[in-house]
Amino acid sequence: MKTKRISEAMEKALNTQMTREAYQAQVYLAYASWAEVNGFTGISEFLYKHMEEERMHMSKFLKFINDRGGHARIAAIEAPPADPKDLGDCLRQALQHEINNSKAIDEIVHLAHEEKDWATFSFGQWFVKEQIEEETLINELLDKYNLAAGEETGNAGLYEFDRDTATASQEATLPRDEVL
Ligand code: FEO
């Protein structure tokens, strides 16, 4: 058993976030299945892959909690939201989920700062950066979707958007990545 190096409040917050990351995975899984059923095989492939990213985030929290002497407790995951109305709605909803998740991460970093828990503060920085990437990634997809769904391109534009998204990177390129 490891010496406990996080507060009770931090252990609770990290556990809540671990479950939230599992929920994020459920959201992407549900949207991926919806996209697949509706013929958007490229988008569904992207969303299935992104679901794996969220599970990796969940595992990072689990490992960190246990490594710091806490106990990562596996809890029930909230049901994912209803099916989106269309592809644009799917991407807009995904973006809102990411924004909500970013705010939850910010709260953890804030708590770590208040507690002078610099280990968790440092751990949280990885997620702060990751959330910038995730929001950028979905924003970029939304921009491409809006271009593709324009009246002048019609279904051909959407077809190409779906096809290209299958192989889209799961990582947005941020300026600071290029200088590091
Ligand atoms: Fe793990 Fe997309 O937040």
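Glycine residues also receive a Cβ, built from the backbone N, Cα and C atoms like all the rest.
Any TrEMBL annotation is an automated prediction that lacks curation.
Glu98 is the only one of Glu98, Glu171 that TrEMBL places in the Fe cation site (with Glu21, Glu54, His57, Gln131).
Shown in sequence order, Arg20, Gln24, Glu53, Asn101, Phe127, Glu130, Glu134 are the same-chain residues outside Glu21, Glu54, His57, Glu98, Gln131 whose Cβ sits within 8 Å of the Cβ centre of the Fe cation site. If you take the C-beta of Glu21 (Fe cation binding site) and look for same-chain residues 6 or more apart in sequence within under 8 angstroms, you find Glu54, Arg55, His57, Met58, Phe61, Asn101. Looking only at the domain 'Ferritin-like diiron' (4-149), the predicted model's pLDDT averages out at 97.
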